[in-house]
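Below is one structure; the comments refer to it alone.
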Amino acid sequence: MPELRSRTVTHGRNMAGARALMRASGVPAADIGAKPVVAVANSFTEFVPGHTHLQPVGRIVGDAIRRAGGIPREFNTIAVDDGIAMGHQGMLYSLPSRDLIADSIEYMVQAHCADALVCISNCDKITPGMLLAAMRLDIPTVFVSGGPMEGGRATLADGTVRRLDLITAMSEAVNDATSDADLATIEENACPTCGSCAGMFTANSMNCLVEALGLALPGNGTTLATHTARRDLYEAAGATIMAITRRYYDRDDATVLPRAIASRAAFDNAMALDLAMGGSTNTVLHLLAAAHEAGLDYTLADIEKRSRAVPCLCKVAPNGSHLMEDVHRAGGIPAILGELRRGGHLHTTVRAVHSESLDGWLAEWDVRGPNPAQAAVDLFHAAPGGVRSATAFSQSARWAALDLDAESGCIRDVAHAYSEDGGLAVLRGNLAVDGAVVKSAGVPADLHVFTGEAVVAESQEEAVTAVLSGRVRPGTVLVIRYEGPRGGPGMQEMLYPTAYLKGRGLAGSVAVVTDGRFSGGSSGLSIGHVSPEAAAGGTIAAVTDGDPITIDIPSRTLRLEVDDAEIARRLAHRRRTGYRPRSRHRPLSTALRAYALLAQSADKGGVRRLPPDELGGPEAAFDTQTRAG
């Protein structure tokens, strides 16, 4: 039997000081050494609406752990709000914060010898950072998120009633046809409650994917932050972590550990879900990074193969009119997985923290199945309250009926899919030798094949200026480079350029190609993650104004239509003078420079490139050798 990790600090005469400190922190003497210590990694902050309500959540989870016989020890991580950090120097810190979060959890868990972990996450880089930590540590772990916010609704001056989200406010801000009065109304109502932004943006995409990976309970990704059903989820998470902790330490059952649950097959299932629901392109970056931490040989090529086979079953904002509350009403993630299972697109023997197999838990939680549990039916009736509130589980509204329409409802079946291939596509070609990613679900059909002349910007700021000044016209391919993990550094999201294109009426006639990334709220012909990035000597560094570029999503190609010899000549010149932007002044802190020194391109998940393991580093400490799954 594996010993409790916490015995390192709770047993032995030499640990009298550690035990004294545990008593001083409120642990009863009788519990020290007798009960497992569960680290509760919270991410409460008043900066982020997706996290403002998490302060009491840590206490609820902790109380559930205590009732089940554990010792909860809560601590906090940082949480960057990408929406507030967007469009200025702050966005440079977003992706690097993922690694900082992962490292901080590792530091706390390892320094205090915790036996298990609960991750209370919600927004863009927090769930991925916690996922990296869970894969790295490989101790019993359960994820539970803060939940999505309710969708906004507003009546405009002309009497039109609109459903709103954050992206509406951003795009309408640069739409000259939108009056100041209407913009003020939109701004006031776009984000009416606490929770992660209401569409299928990065935060909600990742919270849904941890359900598919098997590390969270059903309903984690779609139950609204304001609903009382969310409180039940927190209490269940506390009980679940204690159940799997006992299975591991008392019964030597290693099948409950994160790497056993999040196997290669589970990552494949998560990617299938992502493709079916048209999730954020950022999920590709984060799943690749998490697989790397798990020691799995799961690459962009695997995602590319999956993208050609899995159909798109769901279109949620920004790809369509539905919001997360609509996905929940239609049965949530279990319903999407159920449709994929019936279509033969899932590995069904994978485990979860709450079930021995995917088949087993879908039989209970898929409300479209023949005999769903009453608990599932009740959960997916949870509806928005329609009242402005920053308070968690403050309302208990219910839908009159579920959306079980598999032909034209929020979640379709395979026979009525939006497309036969998924909502994301991996493109390759001389402009992206190692790959690029596009959210194809958000691209109008008439833009799936596009050729245009390049307008080159060497920063997001320069790209915004190009759009607002009229330099970008219909038929343009706006190339934004030196914004990759190393070149930015930090791989900024290009939400403002795409939002401004939309606001200026250019989203249907302009493509954007970048080695940076896009917000989960981006739509249109937006191709990101171009690898190798410009700072790593990728072909994108050789593009000049006026070069023709061809994008062919059906053929999965991205080409710079310039002679190979000319490309080689330009890159050779760049090598001599250095792969760096010529027209950008961007002062960098020590923290950002350190990140840039280690960051790899997006096709590797933006993970850190470390020197050979001469000191018995992470590979030795956590046994992260590559495994087949």
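A Cβ is built for glycine as well, from the same backbone N, Cα and C atoms used for every other residue.
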- Message: Among ASP81, ASP82, ASP165, ASP446, which residue shares the Mg(2+) site with ASP124, LYS125, GLU493 according to Swiss-Prot?
- Response: ASP82
- In three-state terms from DSSP, label SER519 (active site, proton acceptor) for me. coil
- Distance, ASP82 (Mg(2+) binding site) to CYS123 ([2Fe-2S] cluster binding site) (CA atoms, angstrom): 8
- Rounded to an integer, what is the Cα-Cα distance in Å between SER519 (active site, proton acceptor) and CYS197 ([2Fe-2S] cluster binding site)? 12
- Given the binding-site residues ASP82, ASP124, GLU493, which one has the fewest other C-beta atoms within 10 angstroms of its C-beta? ASP82
- Task: Taking the recorded Mg(2+) site as ASP82, ASP124, LYS125, GLU493, identify the other residues of that chain whose CB atom sits within 8 Å of the mean position of the site's CB atoms, giving them in sequence order.
- Result: VAL80, ALA85, MET91, SER94, LEU95, CYS123, THR202, ALA203, ASN282, SER519
- Note on the structure: Integer Å value for the Cα distance linking CYS197 ([2Fe-2S] cluster binding site) with ASP124 (Mg(2+) binding site) is 10
- Listed in sequence order, the residues of the same chain lying six or more positions from LYS125 (Mg(2+) binding site) whose CB sits under 8 Å from its CB are VAL80, ASP82, SER94, LEU95, SER97, ARG98, ILE101
- Tell me whether LYS125 (Mg(2+) binding site) sits in a helix, a strand or coil according to DSSP. coil
- Lowest 10 Å Cβ neighbour count of the binding-site residues CYS123, CYS197 is held by CYS123
